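Have a look at the structure below, then the notes.
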Amino acid sequence: MSESFLIRGATLPSGERADILLEGGRIADVGTLADAAGATVVDADGLVALPGLVDLHTHLREPGYEQSETVLTGTRAAAAGGFTAVFAMANTFPVADTAGVVEQELSLGEAAGYATVQPIGAVTVGLKGEQLAELGAMAASRARVRVFSDDGFCVFDPLLMRRALEYVKAFDGVIAQHAQEPRLTQGAQMNEGALSGELGLAGWPAVAEESIIARDVLLAEHVGSRLHVCHVSTAGSVEVVRWAKARGIDVTAEVTPHHLLLTEELVAGYDPRYKVNPPLRRQEDVDALRAALADGTIDIVATDHAPHPVEAKECEWDAAANGMVGLESALSVVQQTMVDSGLMGWADVARVLSATPARIGRLSGHGEPVAAGSAAELTLLDPTATADFGVDRLAGRSVNSPYLGRTLPGRVVATFHRGVPTVLDGEVRASDEIAAAFARLAEGSARG
Amino acid sequence: MRHLLSTRDLSRDDAIALLDVAEDMAAVQEREVKKLPTLRGRTVVNLFFEDSTRTRISFEAAAKRLSADVINFSAKGSSVSKGESLKDTAQTLQAMGADGVVIRHPSSGAPFTLATSGWIDAGVVNAGDGTHEHPTQALLDAFTMRRRLHGAASRGRDLDGVRVVVVGDILHSRVARSNVWLLETLGAEVTLVAPPTLVPVDVSGWPAVIEYDLDRALAAGPDVVMMLRIQAERMQGAFFPNSREYARTWGLDDHRFAQLPETTMVMHPGPMNRGLEIAARAADSMQSTVREQVANGVSVRMAALYLLLSGERGETP
C-alpha cells in the first residue's frame, strides 16, 4: 500500500462533496482532484469525512490495570470508533501524578501507533485530594500536560481547587473537574429519585453534581481561571453552566454519549452494564443535555471510556464497578441522538467531537478542518449503515458496553492517523502494518 | 410460580392463593406430626450473605416440614471483596443439584441477579435483599392480619379497606417496601409514618400516604400499627438527633399505646428494640401479634417453597 491516499467523493462536514488527497502526513488538497500518481484510491461515495475525532476523557488503564485495557488495545478501540487522539485519564497505577508517569504514558501511545495519546495529569498526589501534584513538572515534561484531573474523584477541598485553578494559569492549563460532592454521594448506586427508592439502591442526587459545578464556576470567576466540567449529567448542571457562560466565566463542559441516550429505567433489571458514575439520569435530563449540546452550552462530547474485566460486571449491583466502554460506539450514539434527531449537522459533530476538545486540551495537530494544509487526521463514516451493535464492533480489551444488542446507526469505514489508515474498509488494521507504514512515511520524508 | 423475588410481581389472585396454601400449612402445624412428604428428595439451600438467624431458621423449619433436604450456606461478607463471587457460589449450588435457593443478601437486587443470570436453574426465594424487598415477611404480615380479622373464615379473603400504619425507617426498610406493594394489591390502605430523613426522596409513585406525625396517624384509628426496627447505624447517620428524641416522637410508647382501641393490632417484624420504637407494654399486650408473626412465618414460607418447588418446575400451580 502506498503512503498517499486519494479519497474520492466524500461528503465534507459542510455538506459539499469533494475529493481529499492525503500525502506526507498532511491533507495535500481538497476539491475535484485528478488521479494522483501512486495514490491508493478510497471510494468515499456516500461517506461523511470528519476531522479525526478527539476524546478528552478516556481511561486507558495502563500502567496498572492491564487486565481491563492497555494503551495499545485502548487506542485500537479509539481507531475503531474514528478517534485519532485520546486524552488519557490519570487514574492509573501508579497514578499519573509525576512527569515520569505521564512521559511513560506518552511513550506507550507513540509505540502503539493507533492514535495520539495525550496524558492528563492528576491534580493531587495519588488522587487523594490532599496535596497538589507536580503540575508544573508534568506541564514541562515531554508529555506537555495541559489538562489536569482527579477524575474518579472530585477535587472536593475548595481551597485546593482554588489553588489548582490558579496554579495552572502559569502554563495555560485547565482543571477538568469530576463534580461529585462526596458526602452527598456516600455509597451512592444510582440516580436518586422515585426509582432508587423503589429499587432500594442508595441515591446519587443531582444536587451533588450541581453544587460542585456552582462552586467551581464561582471559583474560576474569582481567580480568572479556565475550568472544564467532566461528564455533565443533569438538567440542573446545564442551567448552572449556562448561567456561568452568560456571566463570562471561562468554563467548558462535556457530556458523554451514554448520558445523551440512556436513562435510569435501565437500572431496574439490576444489570451492572448500566452502572456508571455519574449515573444514568431521567429522560428530562437527557433532553436538557441534548438541547445544551445543540445550543453550545455544553461544548463537547467525551466518551468516559471505562473498560472493566468481565468479573467486575458479572455480579450483584453494589459490587459492580462503575463505567462503560464508549470509544467504539460514541459516533453512532451522537449520530442517533443529535444528527438523526435533527438537532445538529455534521459540522457541529466535527466541532463537538474534534475541534473543540482539541482546543480545550491545547492539542496541536488535531481538530483541524478538512482542508488543504491540515494534519491528515480523518474519519470516514457511513451514516446509512444501521446494524445491531455486537461485540464484533468492540476493538478494545473489555466488553462492558451498554449498547450490545441495540441497533445503532453509522459505521466508521476508515480512520486516518498522521496520514496512515488505522481502520480501512471498516476493519482495524494490524499494529505491525501500521508501524511499517509509519516507518515508510518517515523514510519518505527523510529522503524528501 | 418460578421465583419469589418481590411482592410487586404478585397479582391479587396469586397472593390470596399463596395465603390460602399457608392456611393449609398452618393446619398441618397444629397436628401432632407436623411434617408433609411433599418435597421429599428436593434440596433447598439457605444462602445467607448476611446474618439473620431468625429468618434462616424459619425457612429451615419450613423446608424440613415439607421433607426437603436443607443445606445452610453462610457466606457473610461482600462476595467480591472477600473471595468467591455470587456467580461462582451459584454455579457451585447448581453443580450440587439445588432445587431451591433461599437468598439473603446485603445488596439490593442480588436475588434478581441470581434468578435471571442463567447461572443456576433453581427457584429463588428472596429472603431479604439490601434495602429492597423481603416478600415472605410481607406475606406473613398479611397472613397474620387476615387471620386476626377473619379467623377460620380467612380463606379466599383479601384486606379490602384495612387501614395499616407503618412506622419507622421507611428509607432503608425492605419490610416496608414489600408491605406497601402487597397491601396495595390486597386492597388495604397504607400510611407510612417516619421522620422526613427516613423517607425516600420521591415516593410519589407509592400507593401510600406519607405522614410525619405519629399521633395524627394513630388518631385516625388504624386497624393495624406496624412498628419497624431502628438499626443502630442510623443513629450515626444524622437521620435523627438521638434515640431519645426518636422514641419520644416516633415510638409506640405506653401513652400512645393506651390510646389505641383494643381492636388495633400491633405488629413488629422483629427483632424489637424495646423502649425505642416499641414499649414493652405494647409488645407484650394481647393486641401484639409478634409471636403469631413468627409462627405464621413458617406456614407462609412452607407455602412459598411448596408453590415454587412441588411438581414440574416453572409450572403455574
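Yeah, the Cβs are placed from backbone N, Cα and C, and that goes for glycine too.
In TrEMBL, annotation is done automatically, which means it is predicted and not curated.
When the candidates A:Asp151, A:Asp157, A:Asp250 are compared with the Zn(2+) 2 site entry in TrEMBL, which names A:His178, A:His231, the shared residue is A:Asp151. Binding of Zn(2+) 1 is attributed by TrEMBL to A:His57, A:His59, A:Asp151, and within the candidate set A:Asp299, A:Asp304, A:Asp318 the record adds A:Asp304 to that site. When the C-alpha distances from A:Leu60 (substrate binding site) to the binding-site residues A:Asp151, A:His178, A:Asp304 are tabulated, the minimum falls on A:Asp304. Here the candidates are the binding-site residues A:His57, A:His59, A:His178, A:His231, and by Cα distance the one nearest A:His308 (substrate binding site) turns out to be A:His59.
On a Cα basis, A:His178 (Zn(2+) 2 binding site) lies 5 Å away from A:Asp151 (Zn(2+) 1 binding site).
Between A:Arg61 (substrate binding site) and A:Asp304 (Zn(2+) 1 binding site), the C-alpha separation comes to 12 Å. The average pLDDT computed for the domain 'Dihydroorotase catalytic' (A:48-235) is 98.
In this structure, A:His57 (Zn(2+) 1 binding site) is part of a beta strand by DSSP.
When other Cβ atoms within 10 Å of the Cβ of A:His231 (Zn(2+) 2 binding site) are tallied across all protein chains shown, the result is 24. Once Cβ contacts within 10 Å are tallied over all protein chains shown, the binding-site residues A:Asp151, A:Asp304 are led by A:Asp304.
For the binding-site residues A:His59, A:Asn91, A:Asn277, A:Asp304, a Cα-Cα cutoff of 10 angstroms around A:His231 (Zn(2+) 2 binding site) retains A:Asn277, A:Asp304.
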